[in-house]
Amino acid sequence: MSSSKDCKATSNVDQTIPASNVNSGDFISSNTSSSNSENSNIQGKHYTQVGEDADNSFISENTPKNTFESTQTYENLESISKNEPTSEASKPLLNELVPEEPLPREPPLPNEPVPEEPLPGEPPLPDEPVPEEPLPGEPPLPNEPVPETNCHKESPLSDETVSETSKNDTSNSPTNENQAQPSIAWSEGHRIAAIWDPSQQAYYFWDTLTNTTSWNNPLEDEEQTSPLDYTAKVQFNRLSGKFMPKWASPELRSEENKAHKHMEQYFDINSSLNSHNGQSLLAERRNKRYTRKEMEQMKRRTKEKKEMKRRALYDIASDEKDFRRRKIIRY
């Protein structure tokens, strides 16, 4: 009875491994319910391998320690494993040992050596030498010489001198130059060439006689500017013969300027003009606003003046002060 309980306990824990993955060092646990008498003794039991070279010798955990030779072969085990339910993920049990050899199509373990030959299509390892010959279509390495090709010989830029060899070199025909640089034009005497500079987006001109270049077109006529008048005009006084400056014009002889000149001797005219910004006194008084006291004083003065005029009409003594009022008094 104890052995059957042990078998049931182990059958719930153990998991099966397909027979296709069984090797000499693998272990099998079965949970079948077949009624064959030959397999009744090994159902639900865990077996361990005895010996390194023994492929078919197993020892049961529930049987005595004495060994026995199993008459079953791998073909019988495969037939048993087909009838047994297999789990999706086969994991080793606690009592089982990890197989030494990895399963097929699995990555190597850390302790296993890395294969020396790389797989096809993989880059070379750091220790491997780099192939000397470059692949077709790749640019040359820095240490390799640049292949010599018939590159187009550019025309001289501005502020550069042209060597005599390049000047006398006629290898580049006009047709090739026109194909490479169709924007080159020569003058009538083939002395000056207008060359297009794509970097500056402008033409520069090459003079073959002086072997110089410039951005200005020498064929264009220079703008004729009127010569400067270097003569000076001098005025002298007709009567005194003194030098007359430019500001001494006939306008200085006007009445206003004469009065200004004479009054400057006694008054500071410039300061008085700047005080009211050149405005007249009448305009200044119109814009002026009087206070209440000033208005009362002005009214009182006007009343006094009217009273004095009324009394002067009837007072004869006032004729001595103002003789012009005598006619009014006589009438």
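Every residue, even glycine, has its Cβ placed from backbone N, Cα and C.
Annotated range for region 'Disordered' in Swiss-Prot, selecting from 270-289, 290-309: 290-309. Secondary structure of the region 'Disordered' (290-309), assigned with DSSP and counted as helix (H, G, I), strand (E, B) and coil, comes to 18 helix, 0 strand, 2 coil.
If you take every residue in the domain 'WW' (187-220) and average the pLDDT, you get 86. A Cβ distance under 8 Å defines the sequence-distant neighbours of the compositional bias 'Basic and acidic residues' (292-309), meaning residues of its chain 6+ beyond its ends; there are none.
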